[in-house]
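**Q** Can you read through this structure? Questions will come right after.
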Amino acid sequence: MKFAALALALLLAVGSHAASMQADAPSQLDHARAVLDVYLTQVKDMSLRAVNQLDDPQYAEFKTNLAQRIEEMYTQIKTLQGSVSPMTDSFYNTVMEVTKDTRESLNVDLEALKSSLAPQNEQLKQVIEKHLNDYRTLLTPIYNDYKTKHDEEMAALKTRLEPVMEELRTKIQANVEETKAVLMPMVETVRTKVTERLESLREVVQPYVQEYKEQMKQMYDQAQTVDTDALRTKITPLVEEIKVKMNAIFEIIAASVTKS
């Protein structure tokens with residue numbers, strides 16, 4: 001499978017890549033192994049997710065066997081990686097020892113090359129800066145011309161819009177006043193109707209309210225001269241009568257509201 005072939009190739013690459021590492025390569029080699037572990041885990045998880053996409057019942061046994069096979073291959077690769085690691089370390093140490101002089105000489109050559117290229121690097125920097133200045137000189141007039149025209153167009157648009165906006169404000173104010181003129185009679189009509197209805201209700205309810213107030217005053221006056229038991233005996237019939245009259249008031253109000 002591609003999974004196994006790719007994993008084995010990466011596994012061997014970690015060992016062979018050790019020959020090109022610098023003096024701090026042991027940590028780099030460990031890092032490469034850690035990256036390989038993460039990659040192998042990701043490939044395994046992706047493969048299992050792909051297998052789990054087979055939802056049809058006829059694939060159930062095949063899906064189980066394939067998932068088990070992927071887990072076994074992952075375990076085998078990890079085992080092989082563990083057995084290869086000592087050989088990789090030994091090979092790396094040998095290569096680093098054998099190539100020590102060559103690497104040191106190469107570092108010296110690289111530093112010398114870097115020093116010799118410094119003047120050319122500065123010259124290259126100056127050439128690039130000159131080219132950028134040429135481009136800037138060429139493009140600046142075009143940009144300035146565009147900006148000037150754009151500013152002029154915006155100013156012209158603003159000039160054209162000013163009278164339109166003033167006319168629009170005037171029309172809006174006139175429309176508001178016109179709407180108010182049409183709306184106010186409607187509001188007054190509603191207010192008059194509500195006032196009339198409330199006045200009618202007040203006239204209907206007023207006799208009952210007055211009678212209720214007189215009865216309450218009578219009960220209060222009697223409460224000042226009789227004992228509690230006698231007061232309770234006298235109040236009970238009045239309370240019942242008040243309940244009946246209050247119910248009548250509510251019925252009148254409800255009927256009046258319904259008619260409106």
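Residue 1 is the first one shown; counting continues down the chain.
Cβ from N, Cα, C; glycine included.
Pulled from Swiss-Prot, these are the listed features:
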- 1-18: signal peptide (SIGNAL)
- 32-63: region '3 X approximate tandem repeats' (REGION)
- 64-85: repeat '1' (REPEAT)
- 64-260: region '10 X approximate tandem repeats' (REGION)
- 87-107: repeat '2' (REPEAT)
- 108-118: repeat '3' (REPEAT)
- 119-140: repeat '4' (REPEAT)
- 141-162: repeat '5' (REPEAT)
- 163-184: repeat '6' (REPEAT)
- 185-206: repeat '7' (REPEAT)
- 207-225: repeat '8' (REPEAT)
- 226-236: repeat '9' (REPEAT)
- 237-260: repeat '10' (REPEAT)
**Q** For the repeat '1' (64-85), provide the mean pLDDT of the predicted model.
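**A** Averaged over the repeat '1' (64-85), the predicted model reaches a pLDDT of 80.
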**Q** Give the residue counts of the repeat '2' (87-107) per reduced DSSP state, in the order helix, strand, coil.
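**A** Taking the repeat '2' (87-107) as a whole: 20 helix, 0 strand, 1 coil.
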**Q** Helix, strand, coil: count each for the residues of the repeat '1' (64-85), based on DSSP.
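**A** So the repeat '1' (64-85) is made up of 22 helix, 0 strand, 0 coil.
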